[in-house]
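Noted in Swiss-Prot for the protein shown:
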BINDING   ARG86, GLY124, THR125, ARG126  phosphate binding site
Amino acid sequence: MRPSGRQPDQLREIRFTRRFTKHAEGSVLVEFGDTRVLCTASVDDRTPPWLRNKGSGWVTAEYGMLPRSTHERMAREAARGKQGGRTQEIQRLIGRSLRAAVDLEGLGERQITVDCDVLQADGGTRTASISGGYVALHDAITHLMKQGKLKRNPLFGAVASVSVGIYQGVPVLDLDYAEDSNAETDMNVVMNDANAFIEVQGTAEGHAFRMDELNSMLALAQSGIQDIIAAQRAALEQG
């Protein structure tokens with residue numbers, strides 16, 4: 001039995017609240033159960049120095065957790081003077097995942113930065129950041145198109161992510177903190193709306209997992225991501 005009472009293949013309740021803040025070109029509060037992440041997409045009409053005058057744009061991401069997003073207060077990374085390795089790993093994952101959905105030449109010589117700030121953490125913050133970050137990115141690109149700054153939509157399609165794992169010997173979908181902290185295997189999967197994989201990260205924590213368990217986890221992720229993409233589309237169709 002999962003601590004939340006969910007079935008092995010059941011997602012937490014997912015919600016995307018668009019235009020959550022007023023200044024960013026794209027702004028989304030994404031909720032996966034009790035995990036809440038604010039994703040904002042900001043447009044800069046300059047590219048990184050290494051991309052200047054090359055006719056291509058860039059999408060990057062930054063990730064952070066509020067000090068009391070967890071059970072006990074964490075010191076701000078800014079106060080420590082540097083980002084931790086986990087933070088750098090996660091924001092690179094988010095950036096790679098979102099770039100997989102964008103024709104960077106079609107974006108033109110500009111950069112979109114997607115900031116993912118965890119307000120409350122209950123497992124799956126990186127997967128929520130990718131799923132919410134896509135919606136914020138979509139809105140930022142729509143903003144550019146409405147302003148006439150893009151000739152065509154550079155988005156290939158949707159991108160979403162979810163965690164899967166083995167908890168008490170059973171493959172499960174969308175782990176919360178209680179499950180994640182006790183899982184025998186933890187895996188993060190990123191896919192697009194063409195049902196293709198962008199990234200798979202998996203680690204055996206308790207015991208090595210078998211091929212049949214891997215296939216079960218990937219099947220759970222595939223099904224869950226289809227549902228997340230449907231929720232993204234429903235949010236974006238609200239205009």
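Glycine is no exception: its Cβ is also placed from the backbone N, Cα and C atoms.
Since this is a predicted model, take the numbers as computed values, not measurements.
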Given the phosphate site ARG86, GLY124, THR125, ARG126, its other Cβ neighbours within 8 Å of the Cβ centroid, in chain order, are TYR63, ILE90, VAL118, ALA121, GLY123, THR127, ALA128, SER129, ASN188
Counting every protein chain shown, other Cβ atoms within 10 Å of the Cβ of ARG126 (phosphate binding site) number 23
Across the binding-site residues (ARG86, THR125), the Cβ with the fewest other Cβ atoms inside 10 Å is that of ARG86
Taking every pair from ARG86, GLY124, THR125, ARG126, which the record gives as binding phosphate, the longest CA to CA distance in angstrom is 14
Students should find that the Cβ of GLY124 (phosphate binding site) has, within 10 Å, a number of other Cβ atoms equal to 24
